[in-house]
Amino acid sequence: MVKAVILGAAGGIGQPLSLLLKLNETVTELALYDIVNSPGVAADLGHINTPAKVTGYLPPKEKNAPNDGLKNALTGAHIIIIPAGVPRKPGMTRDDLFKINAGIVRDLATGIAQYSPKAFILIISNPVNSTTPIVAEVLKKHNVFDPKKLFGVTTLDLVRASTFTGEISGHDSRDIRVPVVGGHSGITIIPLLSKISPSYSFSKEQIDSLTNRIQYGGDEVVKAKDGAGSATLSMAQAGARFADAILKASVKGEARLIEVSYVHLDADKDGGDKIRATVGLDYFSSTIELGTNGITKIHPLENLTAFEDSLLKAAIPELRENINKGVAFIKEDSKL
Ligand SMILES: NC(=O)C1=CN([C@@H]2O[C@H](COP(=O)(O)OP(=O)(O)OC[C@H]3O[C@@H](n4cnc5c(N)ncnc54)[C@H](O)[C@@H]3O)[C@@H](O)[C@H]2O)C=CC1
Ligand SMILES: O=C([O-])CC(=O)C(=O)O
């Protein structure tokens, strides 16, 4: 049995992501939880003739009743994906979402700590730089934190990097891999264009404009949607790609699966400590290798160009602030 759970399943990302997970034949059970409309989405997807049995759950109507919906959705989970929370409107930063989304993510993480602490957890809700540490701190408070199984999803940055560089290099964008490290907001997004595969030599101007476009790709969509939210469809594809990598490594035992994700650097002491020595942070989006039980290796940062090194230096203070804000939010929460 491979149970996938989506928390925030009725939203702009949640619905297409649920569809893509329903089409993933490794999944045998798909549990959809949201505060609205999840039974409807589940009924709709349930008519698709793929193996996964789909169920939808809501929280209780009465204010202080136990949340059996969340409990039943989470129990027995193999992988949990969280796109619950509000998206940006034009003029907002991802950090502006902290006020609302931090509490949503904290409460869902508390449910995970209680009902499915051994699952793989993928965080999409923004600001990812802070929400990932929030989940880790909740799990730590319940003594169930496994850094090898917690992932801030930054795959959309890699998807964009493949698309945008393909437009210039002429390579098929499906074959292009660009590591994008650091974090998931503006200047904390660090595309390592010198490490592009297949290799390509960009001009200085191309590096400047591609870097800027990858860093602010999210804003491009927010602007185009003009108040109706942020990236949903491309995010669903990116989330499904990352979830599939986890499923291939953990269920099918495919070895040395390589992705990039925003992780706690304790997930691999060796590689993690090397990055820590450079950046002085506990969380960083890095190239990782996946195995049956999660992260097996974090690749250190090596041979950065002077330009990439300047991007890294510019990212660190904001990333530190985002991480500290998430950690403090849980440390100072006396209810937990
Ligand atoms: N990591 C990434 O690369 C990306 C992250 N995002 C983020 O994903 C989040 C979701 O975006 P959208 O799907 O566009 O928003 P949306 O508003 O369309 O959907 C969010 C869903 O979460 C649900 N929700 C709210 N509170 C909840 C709770 N306590 N428990 C369960 N569900 C709850 C809502 O009912 C709604 O269905 C946003 O924070 C957005 O910034 C968006 C794009 C890319
Ligand atoms: O820009 C946003 O707010 C949503 C997001 O994280 C992205 O599209 O990368």
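Our numbering is plain: 1 for the first residue shown, then up by one each step along the chain.
Backbone N, Cα and C define each Cβ position, glycine as well.
Caution: TrEMBL annotation is automatic and unverified by curators.
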Out of Asp34, Asp146, Asp219, which one does TrEMBL list together with Gly8, Ala9, Ala10, Gly11, Gly12, Ile13, Gly14, Asn101, Ile124, Ser125, Asn126, Met235 for NAD(+)? Asp34
Greatest CA-CA distance (Å) over the residues Arg88, Arg94, Asn126, Arg160 that the record ties to substrate? 18
Please go through the binding-site residues Gly8, Gly12, Arg160 one by one and keep those whose C-beta falls under 6 A from any atom of ligand 1; give the result in sequence order. Gly8, Gly12
When the binding-site residues Asn101, Ser125, Asn126 are compared by other Cβ atoms within 10 Å, fewest goes to Asn101
Quick check for you: of the binding-site residues Gly8, Asn101, Met235, which have their Cα within 10 Å of the Cα of Asn126 (substrate binding site)? Asn101
Counting other Cβ atoms within 10 Å of each residue's Cβ, which of the binding-site residues Arg88, Arg94, Arg160 comes out lowest? Arg88
Reduced DSSP assignment, Arg160 (substrate binding site): helix
To see if you understand the setup: which same-chain residues, six or more apart in sequence, place their Cβ under 8 Å from that of Ala10 (NAD(+) binding site)? Leu32, Asp34, Val36, Asn37, Ser38, Gly40, Val41
